[in-house]
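Student: Handing you a structure now.
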Amino acid sequence: MKIRNATFYKSVSAIDHLPKEQLPEIVFVGRSNVGKSTLLNSLTARKGLAKTSSTPGKTQLINYFVINESCYFVDLPGYGYAKVDKGKKYEWGKLLSHYVSTRDSITLVVLLIDSRHPDMESDHLMAEFLEHCGRPYGVVLTKYDKLKQQAKAAARLAVKSYSLKSKFIVNYSAISGQGKEELLEQLAIYTG
């Protein structure tokens, strides 16, 4: 997949505000601060396309980006951030689970996992949820450049143990660009 253009389309906080256009949607999901927005900026070669922050929980809406005028990349709020109040967590959880389980135009979910913490219960639960919904998904191990060689192998092995139906596992570094071409090839399969 070659990304020729990428633009922000809209942010939504409710299911009834989702785009009516039925373009294929590739959804990016993961824990807070795993690097979803950074990955989107890296993939599209647009540094400020998705807002990034070192503060967990910055993305609080479903953010849509139009890619090549033929599909959407969708940046979801991160899960697992402890400092968000319980009411907000519940609302996010309800919105996101309804969106992921019922949205017909989702062609792929990309589960981002911090390679430094590959065995988090919340990531296990998300992989289980995606498998339960029957959603095709792939895994991207983020911040891969921060690991030593032995830790890289251990991280991949840990993720393989619970993401049994994952279509792919890509090691990714937004800094070096490692994994970018491989991930774009995988995404091309699901964008029609």
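The backbone N, Cα and C atoms fix where each Cβ goes, glycine too.
What Swiss-Prot shows for this protein is this:
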BINDING   30-37, 57-61, 75-78, 142-145, 172-174  GTP binding site
BINDING   Ser37, Thr59  Mg(2+) binding site
DOMAIN    22-192  domain 'EngB-type G'
Student: Cα-Cα, whole number of Å: Ser37 (Mg(2+) binding site) versus Leu61 (GTP binding site)?
Tutor: 12
Student: Taking Lys36, Lys143 as the binding-site residues to compare, which has the smallest set of other Cβ atoms within 10 Å?
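Tutor: The binding-site residues Lys36, Lys143 were compared, and Lys143 has the fewest Cβ atoms within 10 Å.
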Student: Starting from the Cβ of Leu61 (GTP binding site), draw a 10 Å sphere and report how many other Cβ atoms land inside it.
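Tutor: Here the count is 16.
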Student: Which value does the mean pLDDT take for the domain 'EngB-type G' (22-192) in this predicted structure?
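Tutor: For the domain 'EngB-type G' (22-192), the model's average pLDDT rounds to 89.
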Student: Sorted by position, what residues of the same chain at least six away from Gly30 (GTP binding site) have a C-beta under 8 A from it?
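Tutor: Set apart from Gly30 (GTP binding site) by at least 6 residues yet with Cβ under 8 Å, we have Lys36, Gly78, Tyr79, Leu111, Leu112, Ile113, Asp114, Asp123, Met126, Thr142.
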Student: Enter the number of other CB atoms within 10 angstroms of the CB of Tyr172 (GTP binding site).
Tutor: 26
